[in-house]
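Per TrEMBL, the features are as follows:
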TRANSMEM  31-51  transmembrane segment
DOMAIN    43-331  domain 'Sugar phosphate transporter'
TRANSMEM  63-84  transmembrane segment
TRANSMEM  115-137  transmembrane segment
TRANSMEM  194-211  transmembrane segment
TRANSMEM  232-255  transmembrane segment
TRANSMEM  261-281  transmembrane segment
TRANSMEM  288-310  transmembrane segment
TRANSMEM  316-333  transmembrane segment
Amino acid sequence: MERRSASRHVRAFSTSLPSPATHITTRPPSATATLVAVLVSAFVSLSFTLLNRFMLSSSEFRALFSLAIAAIQLIMAVTVLELARWLGLRRLVDEQATTPVIPSKYIDWEAARHAMPASVAYTVMIVLNTVALRYVNVASFQMARYASVLFAVALTPLLLYQAVPMRILAVVVISVAGCLVEQAHSLFYTSAGLWLALASGIAIAVYSVIAKRSLIRLGNSVWRLLRYMLPMAAAQLCPVAIFSGELSALFNVYFIRSFGFWLIAYINSATGLAITAALLFQLRYTTPITSIVATSARMSIQTALVVILASGPVGWQNGVAIVACVGALAYCLHAQQQQQQQQQQQWQKRQHSASMHE
């Protein structure tokens, strides 16, 4: 009886999600589309991350009021998103949006329900990442982000009902080991920092997997997920900033009245929105595991670029991390393309058999 109920539960869950042949218009995405999605996401994320690092390198308020500023920037990101919708720029985020996906006077409560888990995971990820950075150094935090791919491997079968092949697991372990070589000489953990770093890594993996599931349920529309996820995340993060005391303290400091503070905050919110959209666009064409491996490769390259821009030599440890992450990403993309080819062949067989029956 237990097996029957479990199989019935899995069957019911699978029917609520679109099958690979239906949630993609005609066939699985080509290797070119997947590669372009990864490269565009990497370019946007890397460019805007370096821009934020340059703008906020001498900021005196980011570390002191990080939760409050994150809440303010989320609210600003919602306004930027609405401005983009008003200007018709949604086609840059979702090429399927030939007509207004969400009119201004209409809210799709079903879409909001599907986006709610992703908004909760997004808020938890922001809070844990912000708090973890107060207890660990940057190298330790980056290592936790590298290790988040291991948690994605564990969560993919549980939340997406997709098995992870052993060869993918081996490649993931190799990439994490390469990143460990890069950061081993700089790691520093306190007892609280260790648990917070692990929690932040788990939160990143949970967000990637849940965002992928939400994208599937929303017809792979990045625009629809952003449209509902960001306002709900802002509504969830504001009480956290209020009860932490940061928001009231922020409005008592002198720079809150300066034009430069609000200009930097608004630019940073726009760049953060671009990074979030780029990562969701990447998730649309890849798996959560491939997406996190791609993020790890980007972070390794970003570390090397920061060292080069600072006129410093790039160590062999960083080279090992780049080779390991880029190699793992290439293999994950190759394995995904093989799986997509099999799905395409199965879809063609079903279409052929359906036409024969007619």
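Any Cβ shown, glycine's included, is placed from N, Cα and C.
When each of 115-137, 232-255, 261-281, 316-333 is scored by its Cβ pairs under 8 Å to the transmembrane segment (194-211), the top-ranked stretch turns out to be 115-137.
Panel annotation: around the transmembrane segment (115-137), residues 63, 66-67, 70, 144, 186-190, 192-194, 196-197, 199-200, 203-204, 206-207, 210-211, 213-214, 218, 224-225, 228-230, 232-233, 236-237, 240 of the same chain, lying at least six beyond its termini, place a Cβ under 8 Å from a Cβ of the stretch. Summarised as a single figure, the pLDDT of the domain 'Sugar phosphate transporter' (43-331) averages 77.
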